[in-house]
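*Asks:* Quick one: the structure is below, and I'll ask about it shortly.
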C-alpha cells in the first residue's frame, strides 16, 4: 500500500466521490459518417472512441467463417498519448491483445450473432485518455456503437469496475485507486436479465467479500445502463427530428 | 497444421455422455484426473502431470535494474510456451490467442495476488534487484492447461533457490551454490487455479475438462484461490453467461475444496523431494523414467491386488440394483446461462446422498479406485523425489 487513504473517515474518496458513486458519464453516438456505427464515451477522465463496421462479408482468412453465426472481430488500442508515460505500441502487446479477447467474448455473448451467418462484425475501440476502468469504458462505448450500427443485441452490455477498500466496495475506480493496490473486479452485465457476460477479478480477496463486491458491481452497471439508455433515446430523438425536416 | 475438427458424431456422443453424468475417463463431475508432481535435478524445475496433460515449469533468476517507480521491488515475469510438440494445433511464431490468455491469467494469478515477496528480492535499491522468471512449457496437451500451469508454476517457485548475495559498499558479490547455500523465495501463499467447464448452454458443469470435453464446452470459468479461502483471480471466458448466485456459492465451495487438496499434495511433494535430496538419493526427471525403455511406451504400474477381484466384482454385481435408465432433465433458467448442479439447487450440498447411490451402482469401479488411491510409498522410495497421488473421490 502506498499509504494513500482511498476512503476517508467521512466516507469520501480521493476524487471526492462517495463509495458507490460513479464518475460522470457523457456520451455521443454517431460521431463518424464513414462507419456503420460509432460512439464516443467519457467516464470521468477516461475517454474512448468505438467504431463498428458490419455485418459484412468475411474478410481476411475465410476459414474462420461460421455457418451458423457471425464472427466478431475486436481490436482494442490505446493512443500513444493516452497515459502519463508515452506508450510505445498502441496495440499488439499482451495487455491489449487480452483486452481485445475480452471485448470479443463480451460482445459474442450480447450480440445476436445467429442472425448473421457467414458474416463478420468488426468492433474497433480506442482509448484516447486512460484514467482507470479501461475495459468497462470500452464496453460501454462499444455498446453504443453497436446500437448505432443497428445490430440487434439481447440487451445493453454495461461494464463497471469495483474495488474493495476497508470492508466496503468502491464503484468505478479511477487510475489512482486502481494503482493503489486494491483488489478490483470488472464485470460486464446484461442489466435486464442480470446475466454476467464477463467476470474478471484481480488481487487477493477473501471469498466472503465477493458477494458484496458483485452486488456493488451489478448496482453500478445498472446505473451505467440508465445513462446509456438516456443517451440512446436522446440520440434517436435528435435524429428523428432531423429526418422529419 | 490445423487441428482436426471434432465430428458431429463425437460431439453428440460427448454431450450425451455429459447429460447422463458420465465422462470419458470414468470420472465423476467434480473429480480431478490423477495428478503427479515431479522435480528436475535443478532447483526450480517441476513437471506436473494431470492425466495426460503434462507441463514443465522452470524458474530462473538474474540481476536487473528495477522499474523506476518501484526502486526496491524485485520483478517477476511469466512466459508460457505452447510448442507444437504438445499439440498439432499449436503453431510456432506469433503468440496465439490461447497463449496470451493463459499467460495473462498466470500473471494475474501469481503477480497481482502478490504471492511472492518482491521486496525481499531487492539487492541495491534503485540499482539491482532479482528478476524471477517463470518459464512454462507445454509438453502434452490433453485439456485443462491452466490448472496444470498454475500448479507447475507455483510448485516450481516454492522449489526454487536463488543464489545468496552480499553487498559491501558498492560491490555486489553473488555466491555460487558451493560457496553459500542458495536461498528459497519467500512465498506468502499459493494461488491455484481451478477450471470449470460449462456445457449445453450452461446446463452442466465439469471440473478439470479433458481435451475432447474442452472442444465441446460452451464456456470456462477459472477461479484461482489459495488455501486460506482467498480468491486470487477470477476469469470467465467463452460466450457463456452466468447468474450471480451461481458464481457465488457453488463454484467457490468446490474450488476451495480442490485447492486445499492440491496444496496439500504440493507440500507433500516438496517435502519428499527435500528429504530425497538430503539423503543424497537420486532425484530429477531422468531418474523417474525407467531406463532402456522408450518413454512414449512407458506405462505406469499400478499395484492392484488381483487375487479375489472376480469374486468380489461378481458379488457386487449381484447385490447391486439395476441402474435406472432415466436421463436427468435439468431445469434451464434462461438459455445460455451457466449453472452449477441441476434445477438451480445446491446439489453440491446434497453430495452425500448422491454418493450412497453411486456406491451401489458403480461398486466395482469404486473398488479399483480405492486401491489406486493409496499413495504409492514404495515407488517413491525407489525413485527419489517422485510422488504420486490420485484425487480422492470422496
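Even glycines carry a Cβ here, placed using N, Cα and C.
Quantities reported herein were computed from a predicted structural model and do not represent experimental measurements.
In case it's useful when we look at the structure, here is the feature table from TrEMBL:
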type: COMPBIAS; residues: B:322-337; note: compositional bias 'Low complexity'
type: COMPBIAS; residues: B:349-368; note: compositional bias 'Acidic residues'
type: COMPBIAS; residues: B:369-383; note: compositional bias 'Basic and acidic residues'
type: DOMAIN; residues: B:32-163; note: domain 'Exoribonuclease phosphorolytic'
type: DOMAIN; residues: B:189-247; note: domain 'Exoribonuclease phosphorolytic'
type: REGION; residues: B:321-394; note: region 'Disordered'
*Asks:* Do you know the DSSP helix, strand and coil residue counts for the domain 'Exoribonuclease phosphorolytic' (B:189-247)?
*Replies:* 10 helix, 31 strand, 18 coil
*Asks:* Give me the DSSP three-state residue breakdown of the domain 'Exoribonuclease phosphorolytic' (B:32-163), ordered helix, strand, coil.
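*Replies:* Counting residues per DSSP class in the domain 'Exoribonuclease phosphorolytic' (B:32-163), I get 34 helix, 49 strand, 49 coil.
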*Asks:* Can you check how the pLDDT averages out over the domain 'Exoribonuclease phosphorolytic' (B:189-247)?
*Replies:* 85
